Amino acid sequence: MDSAKTCVTKFKSFAILLFTPILMLPLVILIPDKFARCAYVIVIMAVYWCTDVIPVAVTSLLPVLLFPLLKVLDSKQVCIQYMKDTNMLFLGSLIVAVAVERWKLHKRVALRMLLFVGTKPSRLMLGFMFVTAFLSMWISNTAATAMMIPIVEAMLQQMIAANTAVEASLGTLELLDKNKTSELPGSQVVFEDPNVQEQEDEETKNMYKAMHLCVCYSASIGGTATLTGTGPNVVLLGQMQELFPDSKDVLNYASWFGFAFPNMVMMLVLAWLWLQCLYMRHNLKKTCICCGEKKRDTEKIAYKVLNEEYQKLGSLSYPECNVLFCFTLLVILWFSRDPGFMPGWLSFAWVEGNTVHITDATVAIFVAILLFIIPS
């Protein structure tokens, strides 16, 4: 009985959510004026508020989406009633980032990419850096670092434990067999040089430092690639709009990415080379704390740790698919709005003279609202 009531309630909410805008469409079609389109938005908001089909706070953001979409007001005129257009852009992208973190989609992407690049220390470091930078492009630098550091720590701990176990199995004491004669055990032993052990300990510390620093560096570098990757980028956009109001939206998501992404890749590679030179003595063939049998075992352990973490996530769930769809839609809409080298979808209906009705903030709020509509 309870399950039946739940199904009826969900269907009722979905019906109100879907059919309210459709039933009110004659108001917009029969009266093609701005006041009618404004009334259309107000009626929809009133119905949603009364029925609570989506959270009240989310309903209050509908004008940010619908007024520019219906050309009642442009995005900047609407957003200023809440906050600046750039702050609204940051809010929308932040909601999407929280959804990605809520369903651990970022962790799945990170582990999958690390398994792909392999477990050789130099490649593993490069993998950690590119994964962290990629995540930092869409979520905050702090969140990307906080998610990657435990993975790095767990992998390093297992690699060191494996290295110790391999040393024990190979024996720090080697029995020598001379002329194939039978001798008493321990009659001839060779102790490992203390200097060699100290050197290995030093290399282990250097690897710890390099692996942890590479995550921190790449999080900061990755945040520069997108307009919403880090706070200062959005502040720059706001200052551009205030100081140069006639710039005609020259700085948008696509134009920023066009010059910032290549710079991010270049800085990431330079940071990787610098860490290799500083902590791994720029010898890419010997970037592990061991060699031979020990090297193979530690690489296997690193792969095992990453694979175990990935298997814990299970198969791709329905909520993850929804978040992945919304995230992909957001990126596509951002890049195709006004790519610069060709007309974007913005120019089809939402540009009137010098007035640009839809900005990147409108797109961000659209996808953010969509996340509250699609069920998990």
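Heads up, the Cβ atoms here are built off N, Cα and C, so glycines get one too.
Whatever TrEMBL says is automated annotation, not expert-curated.
The annotation transmembrane segment is assigned in TrEMBL to 12-31 (among others). With a threshold of 8 Å between CB atoms, the same-chain residues lying at least 6 positions outside the transmembrane segment (12-31) that come near it are 37, 39-40, 43-44, 47-48, 51, 53-54, 70, 373.
Here TrEMBL flags 38-66 (among others) as transmembrane segment.
Residues or ranges marked as transmembrane segment by TrEMBL: 86-103 (among others).
Look at TrEMBL and you will find 124-149 (among others) tagged as transmembrane segment.
Among the features that TrEMBL reports, transmembrane segment is placed at 253-275 (among others).
The transmembrane segment annotation in TrEMBL covers 316-335 (among others).
Taken from TrEMBL, the feature transmembrane segment applies to 355-374 (among others). Counting same-chain residues at least six beyond the ends of the transmembrane segment (355-374), those with a Cβ under 8 angstroms from any Cβ of the stretch are 17, 54-55, 58, 61-62, 64-65, 68-69, 71, 73-76, 79, 85-86, 88-89, 91-93, 95-96, 99, 227-228, 248-249, 252-253, 322-323, 326-327, 329-330, 333-334, 337, 346.
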Surrounding residues of the transmembrane segment (316-335) on its own chain - C-beta under 8 Å, 6+ positions past either end: 93, 96, 99-100, 102-105, 108, 138, 253-254, 257, 345, 360, 363-364, 366-367, 370-371, 374, 376
Who are the chain neighbours of the transmembrane segment (86-103) in space, where the CB to CB distance is under 8 Å and they lie at least 6 residues beyond its ends? 64, 75, 79, 138-140, 143, 147, 227-228, 231, 234-235, 237-238, 241, 317, 319-320, 323, 326-327, 330, 359-361, 363-368, 371, 376
